[in-house]
Amino acid sequence: MSNDSSLGLMQIGLATADQIRGWSYGEVKKPETINYRTLKPEKDGLFCEKIFGPTRDWECYCGKYKRVRYKGIICERCGVEVTRAKVRRERMGHIELAAPVTHIWYFKGVPSRLGYLLDLAPKDLEKVIYFAAYMITSVDEQARHDDLPNLQAAIDREKKQLEDTRDADINAIARDLENDLARVEEEGGKAAEKRKLRDSADRQMANVRKRADREIDYLEKVWDRFKNLKVNDLEGDEALYRQMVDRYGMYFEGSMGAESIKKRLETFDLAAEAEALRETIATGKGQRKTRALKRLKVVNAFLTTDNSPLGMVLDAVPVIPPELRPMVQLDGGRFATSDLNDLYRRVINRNNRLKRLLDLGAPEIIVNNEKRMLQEAVDSLFDNGRRGRPVTGPGNRALKSLSDMLKGKQGRFRQNLLGKRVDYSGRSVIVVGPQLKLHQCGLPKQMALELFKPFVMKRLVDLNHAQNIKSAKRMVERYRPQVWDVLEEVITEHPVLLNRAPTLHRLGIQAFEPQLVEGKAIQLHPLVCGAFNADFDGDQMAVHLPLSPEAQAEARVLMLSSNNILKPSDGKPIALPSQDMIIGLYHLTTVREGWAGEGNTYSSVAEAIMANDSGELHLNAKCKIRLEDFVPYAGWEAPEGWEPGQPAVVETTLGRVLFNETLPEDYPWDENVADKKHLSALVNDLAERYPMTRVAKTLDNLKDAGFHWASRSGVTVAISDIATPPEKPAIMEGYEAQAARIQGQYDKGLIDDDERRSELIDIWSKATDEVAQAMRDNLEPTNTINRMVSSGARGNWMQVRQIAGIRGLVANPKGEIMPRPIKSSYREGLSVLEYFIATHGARKGLADTALRTANSGYLTRRLVDVSQDVIVRESDCQTVRGLTLPLSDITDTGVRTLSEDVENTVHGRVLASAVADENGEVLAEAGADMSDAMIEKLYAAGVDQVRVRSVLTCESAVGVCAACYGRSLATNQLVDIGEAVGIVAAQSIGEPGTQLTMRTFHTGGVASSDGDITQGLPRIQELFEARTPKGVAPISEVAGRIRIEDTDKSLKIVVVPDNGDEEFAYPVLRRAKLLVADGDHVDVGQQLVTGAVDPKEVLRIRGPREAQKHLVDEVQGVYRSQGVGIHDKHVEVIVRQMLRRVTIIESGDTSLLPGELVDNVRFLEANRGAVAEGKRPAAGRPELMGITKASLATDSWLSAASFQETTRVLTQAAMEGKSDPLLGLKENVIIGKLIPAGTGLDRYNSVDVEPTEEAKAQMFTDPSAFADFSYAEENAGGLGSEFQAIPLDDYDFGGN
């Protein structure tokens, strides 16, 4: 990765023919590739060494010059420069075209840029380019105007002449007829014969008239066409055009093909066109105005940049370097070649044939056909299949063109620039390593040796085990004994990165210190499985090796697993004891009545352990034990005279004493049963109180204790543990009677089918719940299944209910709940019919999961793309704005409680304004951090809501500021400058995506209030894409009174505004559930019926702030309904990006165009500038964009092109001559620079390291420490390998 900060911009533009020739090292004239006998490139062909460079390093084509000493010489015999062969990856050639061709991206893209510029419909443009119509490129209006009377007179003369000729011909026919009639009369002919003669004469006359009229009409048509001829007119009638050219060729010019487009562009006045369009926009309406706006964008793009519209027509085509379109020999002597070579060959063949035809002076029709074929060949080279049928190769496969090389997952952007593969990596199956510490992983010896090979070889040479690197390599390959000792030494404190695919969030890659293990499997610490979502059923993981000292320091400080205990999405611990460990700790901390040793008192823990060993005291029996270093817990009643720090006699169990020994010494005594919930709260509390190293140590202790006691808990499962409740038959009987009654009412026609279904579902749901409760009551506390589920180690009550109680209601393939339940449990066994209906749900579940994974992955990708440039750029933007969030809720019974979502709304933020109690005493200043303690304090003081900073109100010009973001949830500290909070937000929202359901829940086919409520993942996508939901619920546009109009045909809600304006009527479906009644008063933006609201309507009626709130609340509603906790700030980051743009309505005196989408910051800047100069500011409307659209609308063309619609983005960017400011992450990854986030920021890189006094003293006293150290260039990267990574927290880098 280069860290060249001089590269500040990346510009794209239209290449002119001269630029293409400037890039080129020579013209490719022949379609040949390589000689079939010598296998060497053909001269002037597509692989020519003279143009592209030698195929062998330092060797010319003919072999006259070999070796590096001739570097730079151009061989006089073969013309090849003696240089490295790798120049064949860089040097371009070109094809000089015999006729210009248009660039298909600008003509065929949507919208057609050429069409907009020339004001031609794409259909007409196509006719011109592909030689189906002539285009008038210039008209000499003045000359035509001057000569019009003469030309009119000439036409009139010609018409008169035609009329005279017609009349003369008719008279001649009439004379002949008279003569013939007279002759027939003389001969005594019959009347029939005369009639025949007359008819024949009439026919002749009619033909003469018709022919003459046709000629006169044609003449008039030619004249009218010429008289009204203007530039840009098309003429598809070849004969008519020829006639015009013959008669009036000196007054106009016209042509076909790309040449006519080129001529037109050469004379095109951009400034005049822009002025005319602005005029149209100011005065026009409707369709005309819209089209003028769109055209102005294109015209303006050429006016305001150095781009020339002529760049859209090509006179030369660049030929990319041969190594990028290689030709390789296969085993059978055949060749595999890149499709581009075929496409280039077609272009060269057609171009050469066209040159030959032009030299021969071939007829125009043949030349035009060849030009059309050349145009098509260049089209298919640039974008095969964009127009007409694609060019296919063998097996009818469409060939991959230059556009296809960039597009899609396999394209250049996503495959090579954003998805590079790395060396120093390996992968293997994972197995559990319960003996490891949290920061360790077990690395198989062979794998470690391969990964650390260069380090081992260097060390072998340093220790004189080998004379040189070559012999060291041989030693490593032969697994000599010394190698293993050196390997042990080399891997000490050199972290490795472990990664498990799919990497859904940043905890999917973590650093560990490797421990060498036998076998071929990587050993993974059991507590990090949650973060990786790993299990040991055959999962594989990849290992990567950070090489440079900087990379190692980053891995150790930022990525070490013991520093990543908290989840970035909600700040909860993710390294939690699970399964076996929970069972062990639960077993350890439960209390049992009547066990051995109950009520005894012991003088010390040691004595109690001894009693346990001898069988006198059971682990779970209540007893009194004298404890040293006892830290009391809340609610412990201290005996009289007891002082903190003194020993205390505590009533507890030996198990709980052992459990507390795993916790830090100064942690309050824990007298609770250690189930999953309690352990989570415990680790959460530890993370709040102690540094991460201490928490990691405690977690390891808990893990060891958990495994140890799990193996002694005797948890097994037997069929006898699955006890069906004896009350089940009686319960079922009662509910069956109710169901029969409902069925009877239906049979009699008292209720309809929907009511029957809903009643039955209700009845059987109650029955299921009652059986489940009976089953739970029936289970003994010692029952192992009960212990497993109660402790949270495995399974849930629903699963137990299905095994031991009742299977209950299931869904059919449509997703509707069937009103017939499965009455058996798995323990009792299902009947055939029950088994059959149960299979539907199971199959749908599996299909669902597969779909969900793909959809969730795509959602994450779009979220990352839209938010990747949201980086913390400054410590405080000094804004006074913020959000008001509730601290407390009032329950249904009227009791005030702490808001249940406070952890994911207020926690971890910064106060925007000071908080005072009722007496006006300030409890917290603005800028205070909302920690758990602070929230408790404010709640206790009776504060019900607080104003906090939020990224939604942040005023940083680029990225966001640390104060508006608040705490980084992963570290529990205020977020660092440089933190990529956008990507963290995207990962936090995308990672639980797979847990969300795909279905739209059906309430058993019952017509619910608003059809089927879209839930789960589809709802999240609908919100983030800002789509109008299906069956949208209306919201009131004004404040007023409700009047409900219920007619036979429809149901309408009418709002009568308070201010007496026109009424608003909202037609609603009959089955919709109304939220308002007749006569109610509604406020602006109040929802009128249940259902999903259109966020665009919320924005229009209630404004951006309410739209943001609505989106955040709706997204959180979906996640909370699934029991997934995500902090609001992550959703806010995404919503901020969706509402970042403004559509310009009035441009005022600014440079902004009406209808243009601009960034809020740019809009405000332009307006400030205009107001400062006393000009009119622009007016704009905030725009809510879906995440896909917002990603494509980013200022960075590199980022947008690598996301979706690559060709469209590049076409637009090149036309506008866009510059990419390289502020986001993707752009910098693409061009190979360090990302401007985290440790890639300049402030962390421009640091001078100076040795301290101690280090200097060490240098003089112990030369060995700095044996390899020099201030020479090669060691500028950092100190030698003996030095450990230094925690970056100890340094003050200035600025925060």
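Cβ coordinates come from backbone N, Cα and C, glycine included.
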Could you tell me which of the ranges 25-44, 185-204 is annotated in Swiss-Prot as region 'Disordered'? 185-204
List, in sequence order, the same-chain residues at least six positions removed whose CB sits under 8 Å from that of C78 (Zn(2+) 1 binding site)? K43, E49, K50, C60, Y61, C62, K64
Cα-nearest neighbour of C75 (Zn(2+) 1 binding site) within the listed binding-site residues, D535, C877, C961: C961
Provide the number of Cβ atoms within 10 Å of the Cβ of C961 (Zn(2+) 2 binding site), excluding the reference atom itself. 22
Same-chain residues at least 6 beyond the ends of the compositional bias 'Basic and acidic residues' (185-202) whose Cβ lies under 8 Å from its Cβ atoms: 173-174, 176-177
In the three-state DSSP scheme, C954 (Zn(2+) 2 binding site) belongs to coil
Whole-number Å distance between the CA of D537 (Mg(2+) binding site) and the CA of C877 (Zn(2+) 2 binding site)? 50
For the Mg(2+) site given as D535, D537, D539, which other residues of the same chain have their Cβ within 8 Å of the site's Cβ centre? I430, A534, F536, G538
DSSP tally for the compositional bias 'Basic and acidic residues' (185-202), helix/strand/coil in that order, comes to 14 helix, 0 strand, 4 coil
Where the distance is taken from Cα to Cα, which of the binding-site residues C877, C954, C964 turns out closest to D535 (Mg(2+) binding site)? C964
Would you list, in sequence order, the residues of this chain other than C877, C954, C961, C964 that have their CB within 8 A of the centroid of the site's CB atoms, where the site is the one recorded for Zn(2+) 2? E874, D876, T879, R949, V951, T953, E955, S956, V960, A962, A963, Y965
